[in-house]
Amino acid sequence: MADFAMQVSELPLLGAAKAGSTGRSLWRRWNRLSRLQRNIITIVLGITIFCVVFLIFNDHSSNTLQSSTSESSAGQRLEAAPAEAPAAAGPRQGGVEVRRVIGRPAAPGQHHGGANIEHRLEETLDGAGNKVQRVNKLVHLHHVDKIGEDLGDDDPSGVRNPPDPDRDPEPEQDPGPDPDSGPAQPEPLIPPRAKRAPVQFPGPTNVRQRAVVSAFQHAWTAYTNYAWGHDHLKPISQTAHDWFGLGLTLIDSLDTMYIMDLKKEFAEARDWVADHLSLDVSDYVNVFETTIRVLGGLLSAHHLSQDDVFLKKAVDLGDRLLPAFNTPSGIPYSDVNLHTLKARGPAWNPDSSTAEVATLQLEFNQLSHVSGDRRYSDRAMAVSNHISGLPKKEGLVPIYISTKDGQFRQYSVVTMGARGDSYYEYLIKQYAQLGLPLAHLRNDFNASVQGIQHLLVKKSKPGDLTFLAELMSGGKNIKPKMDHLACFLPGTLALSVRLGLPPSYMKLAEELMYTCYLTYSRQATGLAPEITYFNMNPDSTTDFYVKPLDAHSLLRPETLESLWYLYHLTGNRTYQDWGWNIFQAFEKYARVPTGGYTSIGDVRNPDNLNPRDSMESFFLGETLKYLYLLFSDDQSSLNLNDYVFNTEAHPLPVLRRPPAPPPRAPLAAAPPVAAGAGHDYI
């Protein structure tokens with residue numbers, strides 16, 4: 001027991017010894033720390049102690065201040081809120097006076113409206129049983145989307161008014177940007193969509209127009225019988241041919257039927273688009289061709305009819321085409337798979353065609369306009385602006401551009417024909433569509449015309465016919481070759497004069513128009529070949545000739561397109577007569593008796609036409625449409641103040657009119673064209 005008692009009595013001493021040992025151990029550890037480590041620990045401890053003391057003192061001060069205020073003001077009325085923010089007296093609610101501090105309203109989408117503070121004066125009893133007034137401060141943090149939401153509208157006095165359904169049946173509108181917040185935002189490039197009524201057309205009004213409508217119905221009936229829903233008709237074999245599997249002929253023809261007032265045919269095609277057109281095609285399609293034919297056709301049909309069936313399909317297609325722009329440079333790939341949404345360049349060339357990537361803008365701008373989605377226009381206009389900033393040869397561009405670095409292939413061909421043509425066409429047409437914001441593209445077109453005049457315009461021998469040559473090897477050599485595709489230029493030049501460019505461009509337009517017509521009239525069939533070569537040797541006896549491989553005719557529209565522009569802008573009926581001659585050649589040599597029209601293999605020999613058994617979609621979508629418009633007695637129905645035609649002849653609305661140039665005298669027509677009264681010429 002004695003031993004046990006001793007051990008128990010020594011326990012506190014043992015505990016003390018242990019505590020002392022622990023303290024000495026901590027001190028030794030502290031001394032082992034470096035000076036930097038000790039400083040860091042000291043700073044952290046100091047900050048922690050300061051924060052704790054500050055919080056305790058602040059809470060104590062607030063309670064003391066509230067208590068002393070309420071006790072010292074017993075029996076007195078508080079006349080103003082604390083000095084945190086101005087307040088105004090308000091009505092009593094249930095014996096309590098409500099005052100509201102007005103803070104700046106929150107922007108839509110913010111989580112709360114800032115200092116939404118109420119000061120309430122309430123009567124209560126102090127510790128001695130006396131009545132006193134106490135200030136209760138309520139801070140509201142809540143979602144505020146519009147001024148007045150949840151808390152009612154604020155009047156200038158600062159009084160909080162509860163919502164009144166009779167007085168305010170609907171929330172107030174967003175008041176817009178604060179006038180003191182900075183300069184106004186610039187007008188968006190694409191104007192918002194406005195409500196429109198369907199466009200009305202009277203149908204054919206003269207013999208020539210009725211003949212064109214009859215030709216369309218002859219072709220359309222064969223298409224519906226043998227190729228309904230397919231891309232192309234093979235009229236001789238009475239079968240179908242698919243290129244993309246998107247019903248190209250049907251969609252290309254929608255606005256043609258609408259303009260010709262073929263209501264029954266249009267309604268049947270509309271129902272096919274609604275019920276059977278599938279854009280989920282598991283194959284690669286050409287972005288350019290799909291845009292100008294299918295997207296352009298859908299957008300034009302939507303604008304004219306205001307039927308949202310076409311808009312829905314156009315938006316779906318636009319979304320499927322956008323992946324083509326996902327390249328290192330933003331220059332789109334040539335092909336996209338509409339099912340997998342993967343894009344690529346062609347196997348034979350890693351680059352894209354300049355004309356193809358620069359001929360998407362009218363359609364994508366219109367799609368953004370009607371859908372309200374800027375993505376389409378943003379991607380397409382980025383391409384235009386990028387190309388605008390690239391170095392060029394007197395405004396002229398090579399026909400290939402890299403998707404990797406966005407630079408031209410400098411040693412590729414410069415031409416107004418294939419792979420170059422519509423780049424120049426869309427420069428001036430983008431300006432026609434959207435006006436002054438794209439004035440730099442009009443300037444680019446102006447520079448290109450000057451380059452065309454200096455480098456490409458040549459004269460044949462012996463007749464001094466004006467034609468457009470090609471630059472080869474980066475401009476080192478001239479090739480006196482002119483594609484039928486280049487015959488778009490006379491019409492585009494005439495349009496540019498209307499939009500304020502030099503009147504001398506009209507003279508060039510008329511000279512080129514005459515040459516393009518002669519490529520028809522000097523052939524035995526009255527039809528033009530795909531490519532024409534011109535003689536520049538002074539000893540030549542003929543101005544041009546055709547090589548066997550270039551002698552075919554696809555019944556292209558470019559010459560008829562330019563004839564319509566020149567007639568529309570000058571009123572010269574000679575252009576109508578030239579168009580009528582071409583139409584009669586179609587009827588004589590390309591018409592298939594059992595239905596449809598066929599491309600022919602050799603325009604030089606009426607006895608051996610070598611028909612190709614193919615009717616391109618653009619024959620109905622462009623060729624017959626331009627003939628119908630060319631023969632119209634009323635040129636105001638699709639006038640150039642209100643419409644811009646895409647390169648597939650689909651009329652789209654002008655979204656912002658360019659300023660009209662000052663009036664000037666009508667231009668004299670080039671021989672052998674007789675001058676006439678203009679319809680739409682400025």
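Just so you know, the numbers here start at 1 and follow the chain as drawn.
Cβ coordinates are placed from backbone N, Cα and C, and glycine is handled just like the others.
Values in this document were obtained by computation on a predicted structure and should not be read as measured data.
The active site, proton donor annotation in TrEMBL covers Glu289, Glu530. Among the features that TrEMBL reports, active site is placed at Asp421, Glu558. The feature Ca(2+) binding site is assigned by TrEMBL to Thr647. Annotation source TrEMBL lists region 'Disordered' at 65-94, 147-203. Residues annotated as transmembrane segment in TrEMBL: 39-57.
Overlay of TrEMBL feature records on the structure.
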{"residue": "Glu289", "record": "active site, proton donor", "contacts (Cβ under 8 Å, 6+ apart)": "Phe244"}
{"residue": "Asp421", "record": "active site", "contacts (Cβ under 8 Å, 6+ apart)": "Ala355, Thr415, Asp483, Leu485, Ala486, Phe488, Leu489"}
{"residue": "Glu530", "record": "active site, proton donor", "contacts (Cβ under 8 Å, 6+ apart)": "Asp483, His484, Asp550, Ala551, His552, Ser553, Leu554, Arg556"}
{"residue": "Glu558", "record": "active site", "contacts (Cβ under 8 Å, 6+ apart)": "His484, Leu485, Ala486, Cys487, Phe488, Cys516"}
{"residue": "Thr647", "record": "Ca(2+) binding site", "contacts (Cβ under 8 Å, 6+ apart)": "Ile292, Thr359, Ser422, Glu425, Tyr426, Phe488"}
